[in-house]
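Enquirer: I am attaching a structure below and will ask some questions about it afterwards.
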Amino acid sequence: MSTAGKVIKCKAAVLWEVKKPFSIEEVEVAPPKAHEVRIKMVAVGICRSDDHVVSGTLVTPLPAILGHEAAGIVEGVGEGVTTVKPGDKVIPLFTPQCGKCRVCKNPESNYCFKNDLSNPRGTMQDGTRRFTCGGKPIHHFLGISTFSQYTVVDENAVAKIDAASPLEKVCLIGCGFSTGYGPAVKVAKVTPGSTCAVFGLGGVGLSAVMGCKAAGAARIIAVDINKDKFAKAKELGATECINPQDYKKPIQEVLKEMTDGGVDFSFEVIGRLDTIMASLLCCHEACGTSVIVGVPPDSQNLSINPVLLLTGRTWKGAIFGGFKSKESVPKLVSDFMAKKFSLDALITNVLPFEKINEGFDLLRSGKSIRTILMF
């Protein structure tokens, strides 16, 4: 029986309040309106940013259905949708690409005005919601809410991908892989023969290591306080791995001594103010580039001495790896299918969707790189 144009009842993981587990609930998912797409989820990754919402360090309206790294199949489309059709394999995009705003028209930027990151409303782009639970409206997250068997997204927030692609792997291109790989190959534009430092060896940090290697870096120094992550980092391209706890000096001083005054490129993939500063300070004062990738807590600010930049350092930030999402995601999936990079090493656990809380426990314990939930 066709579900097109009808309300669908399905399972979703609802976060009712911060610092509480997810609750598996039956929710109602409304049909897509004009220029919207309803997707049946197949695979979804657990990302640290989702956990930042649970802990309260990343603020978004609650109750909500979180999740933003996923892949699925189009179930239905609203009036006027032209870029996807029912049956297409797709990846939802937490950074949309409307193609019309000033940012989308700028070839060097990707932070589309239609995003729900800067000032989270927890709604679709028209300001309304498509989820209810027991008659109560439930907020969206980053416009895509992938911790649900079905979700509704705007057409500018979904990309059609290769019909042969394995959704349980390419779902990582929806956030973790792209968010780490892009800062190296697209934002910093790492050069062949250069020296790089990557702070944080979770799924995104390891993807940054992969990006540095793909760009031809000669030295890739991986930094983490969890030595259990070093073997995987070396497998993916790190030439050296260091633990800040092994040194009496600040880690930036250690790195400067190792690299004749500082690295060419550094990447902070944790989201802590102290490591953001260490990442900046470890890059060469005259020619280094440092990129902020990790999401810092909403309420914290940094103060810096302007001389740190005056001497010639470049300090950048990257959302979704600097990639224009709707046009870049299909290309990244094609590159994966062409074996230009592998995602297997990033996936350490696969669980049924109902075990979402167990998946978050694995993340918090440092025992997983990426856990994939299967519907």
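One-based numbering along the chain as shown.
From the backbone N, Cα and C atoms, a Cβ is placed for every residue, glycine too.
Features from Swiss-Prot:
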type	residues	note
MOD_RES	S2	N-acetylserine
MOD_RES	S23	phosphoserine
BINDING	C47, H68, C175	Zn(2+) 1 binding site
BINDING	C98, C101, C104, C112	Zn(2+) 2 binding site
BINDING	200-205, D224, K229, I270, 293-295, 318-320, R370	NAD(+) binding site
Enquirer: Reduced to three states, what secondary structure does DSSP give the residue listed as 'phosphoserine'?
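Expert: For the residue listed as 'phosphoserine' - judged by DSSP and reduced to three states - the answer is strand.
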Enquirer: Under DSSP, is C104 (Zn(2+) 2 binding site) helix, strand or coil?
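Expert: Reduced to three states, the DSSP call for C104 (Zn(2+) 2 binding site) is helix.
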Enquirer: Out of C47, D224, I270, which of these binding-site residues is nearest the residue listed as 'phosphoserine' by C-alpha distance?
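Expert: Nearest in space to the residue listed as 'phosphoserine', counting only the binding-site residues, is C47.
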Enquirer: Run through C47, H68, C104, C175 for me and report the binding-site residues whose CA is within 10 Å of the CA of V204 (NAD(+) binding site), in sequence order.
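Expert: Of everything listed, what lies within 10 Å of V204 (NAD(+) binding site) (Cα to Cα) is C47, C175.
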Enquirer: Just jot down the residues in the same chain as G202 (NAD(+) binding site), at least 6 apart in sequence, with C-beta under 8 A of its C-beta; none if empty.
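Expert: Listed in sequence order: R48, K229, V269, I369.
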Enquirer: If you draw a 10 Å sphere around the Cβ of C104 (Zn(2+) 2 binding site), how many other Cβ atoms fall inside it, taking every protein chain shown into account?
Expert: 22
Enquirer: What does DSSP call C47 (Zn(2+) 1 binding site) in the simple three-state scheme?
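Expert: Going by the DSSP assignment, C47 (Zn(2+) 1 binding site) belongs to neither helix nor strand, so it counts as coil.
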Enquirer: State which of the following recorded positions has the fewest other Cβ atoms within 10 Å around its Cβ: S23, C112.
Expert: S23
Enquirer: By a simple count, how many Cβ atoms lie within 10 Å of the Cβ of C175 (Zn(2+) 1 binding site), its own Cβ left out?
Expert: 31
Enquirer: Which one is closest to C104 (Zn(2+) 2 binding site) in space, judged by CA to CA distance, out of the binding-site residues C47, H68, C175, G294, A318?
Expert: A318
Enquirer: Measuring Cα to Cα, how many angstrom lie between C101 (Zn(2+) 2 binding site) and F320 (NAD(+) binding site)?
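Expert: Just about 18 Å between their Cα atoms.
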